[in-house]
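Student: Sharing the record's features from Swiss-Prot:
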DOMAIN    70-102  domain 'LisH'
REGION    142-216  region 'Disordered'
MOD_RES   152  phosphoserine
MOD_RES   160  phosphoserine
COMPBIAS  163-172  compositional bias 'Polar residues'
MOD_RES   170  phosphothreonine
COMPBIAS  175-186  compositional bias 'Basic residues'
COMPBIAS  197-216  compositional bias 'Low complexity'
MOD_RES   202  phosphoserine
REGION    236-311  region 'Disordered'
COMPBIAS  246-256  compositional bias 'Acidic residues'
COMPBIAS  259-275  compositional bias 'Basic and acidic residues'
COMPBIAS  290-302  compositional bias 'Low complexity'
MOD_RES   301  phosphoserine
MOD_RES   326  phosphoserine
REGION    328-354  region 'Disordered'
MOD_RES   337  phosphotyrosine
């Protein structure tokens, strides 16, 4: 009975399966399922080929660099920097990507390899910072670092036979002459490192004495040039005044550009009483004038036919006197020769005396003298060389 029921159930399942397949084929669902299954099988086969031929995630350049000693040292410094500041997330990426999960050196081994000595229990910062500091110190002052290493050995500095330090000593800030450095290296070997405290104390005094002597020589030469310039200018002024007494040449000289001091009392011509004659101590570097026409003292008297010629000469002399009076070429009793070299006029006011007036007076007295054609030429030259008398022959107040 059980066998018959099992056979009935099997027949029913077969009929149900056939009916289901026929229904799915008629609706197209079965064909679509078969196509999707075939596509999934092909995709699975393609993905399997890609996974097998896929290149591993390895950086060849980094791998070659880490195989060297310096490369592992750099990677260890970076890892120590991240560990010092507890950058755990960055370390989680750094180690897998560089394939350095194991094999990097610790802080103590790194400090020993780099020659960094740390006191126990004192950690100032990452080792990478100490490496950068040492590089900066070497760039700034290699000489000072070498001196510190020499002093750390505990050996006292040796001295040369002359007691002078070698070229490795600290340079002095006081300027020295070029020849001093050459004298300093005499009798020393190039490889010796010698210093001397006595030399460092004596060198500033020697350089100071040399600078003082140089400055004194410079000032002496400067004073000599000034004295020669002043003497040459005085000689040129005398020559120009003796050769060219007229006012046209005098006006071009900057010596007469100083303002003329106004006197309290002035004197002028008898024919032109309103015209003032200014005084100027411009002839202070010339000899004193004692007489206006001393050169005509013993000249022979003029003849009557030549009196007309003398009057013509008188007019010319008046014109010359007017030019001289307009320039104010007067002298006083006391002359200060130092005033010629001062830019500011510190000249004291002195009594004025017109040279042109004295020319007219002396000429009127000597009109009847002898032939003065040659004497009158000497007259213009004597005006700048001779000195006026202390007492004037004629004075007239100006209204």
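Backbone N, Cα and C define each Cβ position, glycine as well.
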Student: To what whole number does the mean pLDDT across the domain 'LisH' (70-102) round?
Tutor: 90
Student: Taking helix as H, G and I and strand as E and B in DSSP, count the residues of the domain 'LisH' (70-102) in helix, strand and coil.
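Tutor: Secondary-structure composition of the domain 'LisH' (70-102): 26 helix, 0 strand, 7 coil.
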Student: For the domain 'LisH' (70-102), find every same-chain residue at least 6 residues outside the stretch whose CB is under 8 Å from a CB in it, and list them.
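Tutor: That would be 58-59, 62-63, 110, 113, 125-128, 131.
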Student: What is the number of other Cβ atoms found within 10 Å of the Cβ of residue 326 (phosphoserine)?
Tutor: 14
